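Novice: Have a look at the structure that comes next, please.
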Amino acid sequence: MALEDNGSDDYTQDGTVDLKGNPVRRSKRGGWTACSFVVVYEVFERMAFHGISSNLVLYLTKKLHQGTVTSANNVTNWVGTVWMTPILGAYVADAHLGRYWTFVIASAIYFVGMSVLTLSVSIPGLKPPHCVDPNVENCKKASTIQLAVFYGALYTLAVGTGGTKPNISTIGADQFDDFELKEKVHKFSFFNWWVFSIFFGTLFANTILVYIQDNVGWTLGYGLPTVGLAISILIFLAGTPFYRHKVPTGSPFTRMARVLVAAVRKWRLPLPADPKELYELDFEEYTKKGKFRIDSTPTLRFLNKACVKTGSTNPWMLCSVTQVEETKQMLRMIPIWVATFVPSTMIAQVSTLFVKQGTLLNRNIGSFKIPPASLSAFVTISMLVCIVSYDRVFVPIMRKLTKNPRGITLLQRMGVGIVLHITIMTVASLTEMHRLNVAKDHGVVENGKPVPLSIFILLPQFVLMGSADAFLEVAKIEFFYDQAPENMKSLGTSYAMTSLGIGSFISSFVLSTVSRVTKRHGHHGWILNNLNASHLDYYYAFFAILNFLNLIFFIVMAKFYVYKAEVSDSMVILRESLGGTTNRIVDQEAIRTE
C-alpha cells in the first residue's frame, strides 16, 4: 500500500477506527494531541508505581521486620509479577476487548490495589508493632492476616498493571499512521519522548515521595501515589474523544498455535518451488478488514509447510502465508528477548541491594538526611539527559553517516546498553570493595553501623544505570513494538515488559542461591543481613562476568536477526530524503535484511 504524504486523503490508512468502529480522520484524532493525554497519564502513573516500588525494600525491612535476602527477594518477586502479567493484558487486548477497554478495566483494578495498600500501611492493626532493635530477627514478625492484606493489595495492583503496561504505550504509538510520512517520522521520536516524559513522575517519586515515607510517614507516602493514580486515570479518560483505536483481531496465541500444529502435521510434505503456490487469502480480504498481507520469506522455512495445500480447509491444517509470517516474526524475536533477561536482572538491583548499601553510608548533608532510595533519582536524571542528547544530537549526526532514519539500528542501540551494564557492575564491585575496606579500618564490620563514607560514592553506578536505560530500555520497547506483526502489537510490547519480570525472578533465584551456596562448609557467606560483613563486591563482580557472557550471546543473535519488512514504503522515502540510494527496489531489500 503506498504511503500518503500529500494530504489528499484525510482518513488513516492503517486500519484505525473510533470506539464505534468508524474510520477516523487524521485531522480529527490521533497525533501528538491524543498522545499528550497518554504521556501525561504516564507521568502520574509512574509517580504512583515508583512511589511504592522504590522504597518497598525499606518498608519490608523496617516495618515488616524482614532480613536482607527475604526483603530483597520479596521485592523482586513482586516486581517480577508486575512485569509478567502484561502478557495476559496483551492477550485480552489483542484477542477480545481491544487496548482501550482492557486498559480502562485494568486501571480500576490497579486503583483498588493501591487503595487497599495505603490502608494496610495506615491502620495500626494491619502492621506489626514498631521495633527499634537493629537486628530485625529480634523484632516481632507480621501476622498471617497482616501479610495477607499487604501482599494481597500488592498483587492486586500487579494484576491491574498487567492490563495497563502493555497497552498504554501501544495506544500512544497507534496514534501515528505508518502510511503518512510526517506521522511516521513522529513515531520515531515517540518512544524517546515517551520515556523522557514518564520519568518525570519517577523523579518525583524517587525524591519527594521517598523523603515523605522516610521522614513524615508511610500513610502520606502511599496516600499521595494513590491520589496520583486516580488523577492519571481521569486524564486518560479525558482524552477519549481524540484517540484512534485498533480493532481486536482474535487470539494471537491461537493463530500461532495453528501454524505450529499445521506445520508439524504436514512435516513430510515438500514445499513448492514457487512460494506463490502456498495458500494465501486475496489482497482484498485483508484491506477490507484493515489488515496487512505479508509475503512469504525463506527464514524458518519449516513453518511454510503450514501453507501447503492438501485439500483441507481445517484452520489447524491450513494457514495463510500472512498467518505463518506473523508467527515467524514473533518467534524471531525470542533470542533477542532472552538476551534482555540479564540486563533486566541488573535493573532489579537498583531498588534492592543498591538501596540497602545506601543505608550503611553517611547520608547527612548538614541537618538534612538523604533517603537511600532517593539516589534512584539520579538514574532518572541521567536517563533524561541521555535521551534528549540521543534524540537531538546523536541521531542527527548518525543519520548523515548511516543514512538510517533512526541513526543506528535498534539492535545496535540495545548493544550499547548491554556494554554499559558490564561497566555498571564493574564499578559497583570496585565501589563496594572500597566501602568494605573502610568498614574494616573503622571497626564497624561486626556491629553493622554506617561506614564513614558519603552516600554519593554510589552515584556512579546509579548514573551509569540511567545511561544504560536510555539505550537499552528505550530501544527494547521500540524494537518489540516495531518488529511485532501489525495485529500483535500489544503482545510484542509485552515481550519488553516480561523481560523485566523474568529478570526480577532471576534476581531472586540468583540472590537466594548465592546466599545459600556461599555459606556451605562453614564459610561466612557473600550476602548477610549485615552488609558490612558481607561480600557484595564478589556478587557484583559475578554479575559483571554474567553481563559479558550475555553480550557475546547478544552479538551472535543480533548478527543472524532479520528485520521484518515494512508494511508501507515510508522507510524507503525517508532513506531517500537522507541521501540514500534512489533505487527503491534495492532499498526495500536493504530494509528486509537491515
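Think of each number as a place in line: the chain as shown, counted from 1.
Cβ from N, Cα, C; glycine included.
Okay, so TrEMBL annotates it like this:
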- 100-119: transmembrane segment (TRANSMEM)
- 191-212: transmembrane segment (TRANSMEM)
- 218-238: transmembrane segment (TRANSMEM)
- 336-355: transmembrane segment (TRANSMEM)
- 375-398: transmembrane segment (TRANSMEM)
- 410-431: transmembrane segment (TRANSMEM)
- 451-472: transmembrane segment (TRANSMEM)
- 493-518: transmembrane segment (TRANSMEM)
- 538-562: transmembrane segment (TRANSMEM)
Novice: For the transmembrane segment (191-212), which recorded stretch in the set 218-238, 336-355, 375-398, 493-518 gives the largest number of Cβ pairs separated by under 8 Å?
Specialist: 375-398
Novice: Which of 100-119, 218-238, 375-398, 451-472, 493-518 has the most Cβ pairs closer than 8 Å to the transmembrane segment (410-431)?
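Specialist: Maximum Cβ contact count belongs to 451-472.
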Novice: May I ask for the residues of the chain that lie six or more residues beyond the transmembrane segment (538-562) and have a Cβ under 8 Å from a Cβ within it?
Specialist: 297, 299, 332, 335-336, 338-339, 341-343, 345-346, 349, 353, 411, 414-415, 418-419, 421-422, 425-426, 428-429, 432, 514, 526-527, 592-593
Novice: Count, for each of 100-119, 336-355, 451-472, the Cβ pairs lying under 8 Å from the transmembrane segment (493-518), and report the range with the highest count.
Specialist: 336-355
Novice: Take the transmembrane segment (100-119) and find every residue of the same chain, 6 or more past its ends, with a Cβ under 8 Å from one of its Cβ atoms.
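Specialist: Residues 19, 48, 52, 89, 92-93, 126, 149-150, 152-164, 167-168, 171, 219, 222-223, 225-226, 229-230, 233, 236-237, 240, 243, 245.
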